[in-house]
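Chemist: Structure in structure tokens, see below.
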Amino acid sequence: MMCKAQEWLRVTALLFVARAVPAMVVPNATLLEKLLEKYMDEDGEWWTAKQRGKRAITDNDMQSILDLHNKLRSQVYPTASNMEYMTWDVELERSAESWAEMCLWEHGPASLLPSIGQNLGAHWGRYRPPTFHVQAWYDEVRDFSYPYENECDPYCPFRCSGPVCTHYTQVVWATSSRIGCAVNLCHNMNIWGQIWPKAVYLVCNYSPKGNWWGHAPYKHGRPCSACPPSFGGGCRENLCYKEGSDRYYTPREEETNEIERQQSQVHDTHVRTRSDDSDRNDVISTQQMSQIVSCEVRLRDQCKGTTCNRYECPAGCLDSKAKVIGSVHYEMQSSICRAAIHYGIIDNEGGWVDVTRQGRKHYFIKSNRNGIQTIGKYHSANSFTVSKVTVQAVTCETTVEQLCPFHKPASHCPRVYCPRNCMQSNPHYARVIGTRIYSDLSSICRAAVHAGVVRNHGGYVDVMPVDKRKMYTASFQNGIFSESLQNPTGGKAFRVFAVV
């Protein structure tokens, strides 16, 4: 079973969490534009900074998810006598949105799990509608054996011949009559140890919750023959139906949940003064080290300036006609992304690539690897190599000197993940030396907060080691005092960049 699960990790990943909470489906999939455009606001910003009232799912996706649930619930086999018609619930949608924004590949929050059911799905790569995940959840039926009444003495057995069946049982749990879902774009989401650059994360919450131990998901019998009295005998397409229950409530533009509403009021009514600004000296930096490129972009075209050593490649570059010259060492006129596929750094789904310029090489050897035929060249030309972008969690005290000090011609640091509350770390053990360019004796994460690359709640940071500077300037930014340093005897320097 473990081998089977590993085989499907990149196609469909399932996670079962105890306490009878349904699990997750993760179909792997690139070319996100179609889906992602729907989850951007009018200014082209992702919904991570939503205006008040902006919903975390489109009306079309909401209706498609709801319709598919009711269709699947109406056609279960054996037939259900008490399957209830499902409706959309705005409060469940809001709770799903809140959890989706956390970008955590696990069920939650813990405070809600005793009272709701939850199915999760994620993918990155080519466009997949949310209903793709719903259908995948239902398709677990092939591994589920329905427990007939004569088998329940008094508890019904749970028989599942596959990795997990609890997505399916939640979808068809007869009394789970309300659903609310949300979609969020999660950058660099950790899916069972793999970092997905742009994960489209679907969270669906159900109420009343299903998957109660010892119970069948529904009663077997003639459709609608065992509906609760509250339905008044109503039946629609094999589902217990109450007139008017298909109407769902759409929040007005100015409405939001109670917590968000209180926060917005506080924010909106506070009048900021000049002294407020000077006391905090807030600085925000959105400059990125990485660059988004197409399959055809050559390093010779793109490598301009210092921040030209990390790239994000799209999916589908195997189908591109862009040429690649060389093997291991690639000529500067080579496609960055296709060279990365050839070397095995990424596959056709795209991903992150680090590039190191290597100077002139006398010749370049052709080869065929990973579906890409490269060209040979026997003339001297500038070259580059490619390497994998790794991700590493660090502490508030970790320095670049410890992690990845500068070495000529260039050094690559892993993408680091900073924990929360580094502002509160002891400044004697987590020093910040410099402004914008920092001594590599500095704490990476506190320097990132000082530079405005991340806030005190932590997050991902790109680090670029550079050669030492003669002078580092002190400043007070974002609640952190940095130190000055002149003519340091040793050590190098670094810059920090946002990951967005």
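Heads up, the Cβ atoms here are built off N, Cα and C, so glycines get one too.
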Chemist: Per Swiss-Prot, which of CYS303, CYS308, CYS337 is disulfide-bonded to CYS317?
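Modeler: Disulfide partner per Swiss-Prot record: CYS337.
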Chemist: Would you list, in sequence order, the disulfide-bonded residues among CYS396, CYS422, CYS445 whose CA lies within 10 Å of the CA of CYS317 (disulfide bond)?
Modeler: none
Chemist: Go through the disulfide-bonded residues CYS396, CYS418, CYS422, CYS445 and tell me which ones have a CA within 10 A of the CA of CYS313 (disulfide bond).
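Modeler: Neighbours among disulfide-bonded residues: none.
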Chemist: Check the Cα-Cα distances from CYS295 (disulfide bond) to the disulfide-bonded residues CYS337, CYS396, CYS422, CYS445 and tell me which is shortest.
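Modeler: So, of the listed disulfide-bonded residues, the one sitting closest to CYS295 (disulfide bond) is CYS337.
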Chemist: Ranking the disulfide-bonded residues CYS295, CYS313, CYS317 by other Cβ atoms within 10 Å, which is at the bottom?
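Modeler: Among the disulfide-bonded residues CYS295, CYS313, CYS317, the sparsest Cβ neighbourhood within 10 Å belongs to CYS295.
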Chemist: Using a 10 Å radius around its CB, how many other CB atoms surround CYS418 (disulfide bond)?
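Modeler: Excluding its own Cβ, CYS418 (disulfide bond) sees 28 Cβ atoms within 10 Å.
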Chemist: What's the most sparsely packed of the disulfide-bonded residues CYS337, CYS396, CYS422, counting other C-beta atoms within 10 A?
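Modeler: Across CYS337, CYS396, CYS422, these disulfide-bonded residues, the one with fewest Cβ atoms within 10 Å is CYS396.
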